[in-house]
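*Asks:* Can you keep this structure in mind? I'll have questions shortly.
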Amino acid sequence: MALTPESPSSFPGLAATGSSVPEPPGGPNATLNSSWASPTEPSSLEDLVATGTIGTLLSAMGVVGVVGNAYTLVVTCRSLRAVASMYVYVVNLALADLLYLLSIPFIVATYVTKEWHFGDVGCRVLFGLDFLTMHASIFTLTVMSSERYAAVLRPLDTVQRPKGYRKLLALGTWLLALLLTLPVMLAMRLVRRGPKSLCLPAWGPRAHRAYLTLLFATSIAGPGLLIGLLYARLARAYRRSQRASFKRARRPGARALRLVLGIVLLFWACFLPFWLWQLLAQYHQAPLAPRTARIVNYLTTCLTYGNSCANPFLYTLLTRNYRDHLRGRVRGPGSGGGRGPVPSLQPRARFQRCSGRSLSSCSPQPTDSLVLAPAAPARPAPEGPRAPA
């Protein structure tokens, strides 16, 4: 997936056949170090072992990730589509992961055969798919975090939103991701140089560096700062609610918050090393041996696919949390099997019940189902002593 210029003699990016041609590092025709790279040097035992290992690992990730994300899509659409708000975002996350994992067969084929079989269209589509799904994932996570924030601190605002606004937000995340991906889809092309073929962008090194820096800002830095700010304010709100006089039992929404944060942290853990590796080669030519550079490239590539492979497990926990919460609401108070009162659904309610202190003490429940139960009726006046029968 990556786009790091690297010494062609060590790891020629996107090379299909033939030997590499020496070029100045960082020059306009610098090769691209990526998951679409294929070593064109004569095969040795070490190369065969590395190719077999990376091919096996990526294939296993692809199988597990595709099955897991497909399962997530089926379960989410069947179980939560009609009742929970989160299903729109979980479906979008699973779809982005699924599309990203479907590129693995093309990578493995390039590694094993040491040839690029997919032509100019393959260069544009596969590179574009990488960046499209990456941005769609992080933008969706940002929207999820923003909605969790609003559900906790601004519950009265969320109930006034139209019913289908989440679908519009999901569509907007994909359109924005496509807009950021279009430059690389239009600029990437298949170039033949003697006996080898390379996928190279049509722009020069400065434009290439500027574009990669922009992608880092839009996929890691910008969303990271925004999500960090939202969760910092949520943490402060939780601390204040714990100090309140009337403490409330922890609701399932708090667990949903932790799961969303876990998905975000997993994304950063898998993609931050990848992007640091890309930018390092753009702004500083690290004196790495070819073998070391190849290992780093393999590891960062596997990390990005590992994210899409591991996400379905968190998605399953998130959807299960919502299913349990919805079942608890249907049972109503006092039927939680000894686990304490469970918040029940009031059909004609419009607002979420708060603790009476502030909106920040409200429980972070899904906004479409966390409707506020009507106020408790006034306590009747105490009756006088009854006359003896």
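Backbone N, Cα and C atoms are what each Cβ position is placed from, and that goes for glycine too.
Look at Swiss-Prot and you will find 1-10, 30-39, 355-368 tagged as compositional bias 'Polar residues'. Residues or ranges marked as region 'Disordered' in Swiss-Prot: 1-39, 328-389. Under the heading topological domain 'Extracellular', Swiss-Prot lists 1-54, 114-124, 187-209, 285-297. As annotated by Swiss-Prot, N-linked glycosylation site applies to N29, N33. The transmembrane segment annotation in Swiss-Prot covers 55-77, 88-113, 125-146, 168-186, 210-232, 259-284, 298-318. The feature topological domain 'Cytoplasmic' is assigned by Swiss-Prot to 78-87, 147-167, 233-258, 319-389. Per Swiss-Prot, disulfide bond is recorded for C123-C199. Marked as compositional bias 'Gly residues' by Swiss-Prot: 331-340. Taken from Swiss-Prot, the feature compositional bias 'Pro residues' covers 377-389.
Can you tell me where each of these features sits in this structure?
*Replies:* Outside the transmembrane segment (55-77) by six or more residues, the chain places 87, 90-91, 94-95, 97-98, 101-102, 104-105, 107-108, 111-112, 302, 305-306, 308-309, 311-313, 315-316, 319 with a CB less than 8 A from a CB of the stretch.
Counting residues 6+ beyond its ends, the transmembrane segment (88-113) has Cβ neighbours under 8 Å at 16, 35-39, 51, 54-55, 58-59, 61-62, 65-66, 69-70, 72-73, 76-77, 80, 122, 126, 129-130, 132-134, 136-137, 140-141, 143-144, 147, 166-167, 169-170, 173-174, 263, 305, 307-309, 311-312, 315, 318-319 in the same chain.
C123 (disulfide bond) has a Cβ environment of 25 other Cβ atoms inside 10 Å. DSSP gives C123 (disulfide bond) a helix state.
Along the topological domain 'Cytoplasmic' (147-167), the predicted structure has mean pLDDT 76.
Tertiary neighbourhood of the transmembrane segment (168-186): same-chain residues 3, 88-89, 91-92, 124-125, 127-128, 131-136, 139-140, 143, 201, 211, 214-215, 218, selected by CB-CB distance under 8 Å and a gap of 6+ residues from either end.
Within the topological domain 'Extracellular' (187-209), the DSSP-based counts of helix, strand and coil residues read 6 helix, 12 strand, 5 coil.
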*Asks:* Same chain only, please: residues at least 6 beyond the ends of the transmembrane segment (125-146) with a C-beta under 8 Å from a C-beta of the stretch. Say none if there are none.
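*Replies:* Contacts with the transmembrane segment (125-146): 1, 3, 34-36, 86, 89, 92-93, 96-97, 99-100, 103, 106, 118, 169-170, 173-174, 176-178, 180-182, 184-185, 188, 199, 215, 218-220, 223, 226-227, 230-231, 260-261, 263-264, 267, 271, 304.
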*Asks:* Specify the count of other C-beta atoms within 10 Å of the C-beta of C199 (disulfide bond).
*Replies:* 27
